[in-house]
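Engineer: Below is the structure I would like to discuss, written out as structure tokens.
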């Protein structure tokens, strides 16, 4: 078996085209079930009332914002080490989705904070580091698009992604290192302090967000491939047949 | 010199903008001095590699048989000597103007001495990455300032802990660890970024 078969943009284009609808469909089904569990099955929280229900979007979005940055840095490393065009395009395709999830996490957090903490925003360690993550995504996107030669943008932004990864542990451990307003984590590897249906709803939504992120990245990557490979024979053949 | 003038002016603007009550000034002093140092260090970053890039010196340096990381260390050290060190030495004067007590002043200088080299190293990496990019200065701000945040948090935290009567040692230890990490990793990152810029 040739492990690098799909690392060529032309073969990956077809694969991504077949996989993306599957991931979008999975995301829709998981989100439907997850939202049903979250809104109709999960009980009202003892201390936060109904307002806690935003965790079904907030927590998965926050997880995805960090996870996607990690994946982005991994693809960046691959593109630098192996000089692979496809890895660089995947890194670029992930960045807007990551920025979107970071924004959702901040925005939904603000609407959660108002009823439970009495304020939309505090300069708390986790909130601030998540805001810095949003600017890291913006910086990555801006640098990737700031060069006339796209390959230079690929390499420079990949290096920036690797440097920026030092921020991830700071976000992840901020609720343990600083004892500030943001509550500690309710989900640990050893178990959870949440009601089981709440946890189920959250995990379903997390998988829905994950599947959506994969589908969106694959779709965006297809567009990038067409844009970059516009002069190759297989893209022209594709245009003729379409 | 311009960096220092900028630093003094930034520090002078805060009392004009938010009032001159001594307790308030003593409270915000360390933070203002840190933000001023950060902005002043950032100000001289765009010119760090750009003239060498424009006249071809950079290309000669990269092509020379000597390791590029050594030459990069020299450039970063020059940046620190011309911005970070004077900012650190000037900080007690500004601190006195903000009415900070002596022990807080000493802590502020110690934190700046540990923190400003990190700013030069990280900023050098960002300046190298942004070489030849469109929208230079603003792009550099977007790249560098988020990466400066941890330095700012721990640096200002050290002086804050000292003025609150707590131990500033954890903050200084974190700054020292950051400095060691940055000194080990960033010269190679800057070298790689310069090679990318010259491709």
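Including glycine, each Cβ sits where the backbone N, Cα and C put it.
Pasting the relevant annotations from TrEMBL:
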TRANSMEM  A:21-42  transmembrane segment
DOMAIN    A:21-182  domain 'Cytochrome c assembly protein'
TRANSMEM  A:62-82  transmembrane segment
TRANSMEM  A:94-113  transmembrane segment
TRANSMEM  A:125-147  transmembrane segment
TRANSMEM  A:159-178  transmembrane segment
TRANSMEM  A:198-218  transmembrane segment
Engineer: Return the stretch with the most CB pairs under 8 A relative to the transmembrane segment (A:94-113), choosing among A:21-42, A:62-82, A:125-147, A:159-178, A:198-218.
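Structural biologist: Maximum Cβ contact count belongs to A:125-147.
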Engineer: Given the cut-off of 8 Å on Cβ pairs that are 6 or more apart in sequence, determine whether the transmembrane segment (A:159-178) and the transmembrane segment (A:62-82) share at least 3 such pairs.
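Structural biologist: Contact criterion met.
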Engineer: Short question: most Cβ pairs under 8 Å with the transmembrane segment (A:198-218), which of A:21-42, A:62-82, A:125-147?
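Structural biologist: It is A:21-42 that shares the most Cβ pairs under 8 Å with the transmembrane segment (A:198-218).
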Engineer: Residues of the same chain, at least six outside the transmembrane segment (A:125-147), with any C-beta under 8 angstroms of its C-beta?
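Structural biologist: Contacts with the transmembrane segment (A:125-147): 62, 65-66, 69, 72, 92, 95-96, 98-99, 102-103, 105-106, 109, 153-154, 156-157, 160-161, 164, 167-168, 170-171, 174-175, 177-178, 180, 182.
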Engineer: Which residues of the chain, 6 or more past the ends of the transmembrane segment (A:62-82), have a CB below 8 A from one of its CBs?
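Structural biologist: Those are 88, 90-91, 94-95, 97-98, 101-102, 105, 109, 130, 133, 136-137, 140, 154-155, 157-159, 161-162, 164-165, 168, 171-172, 206, 209-210, 213, in sequence order.
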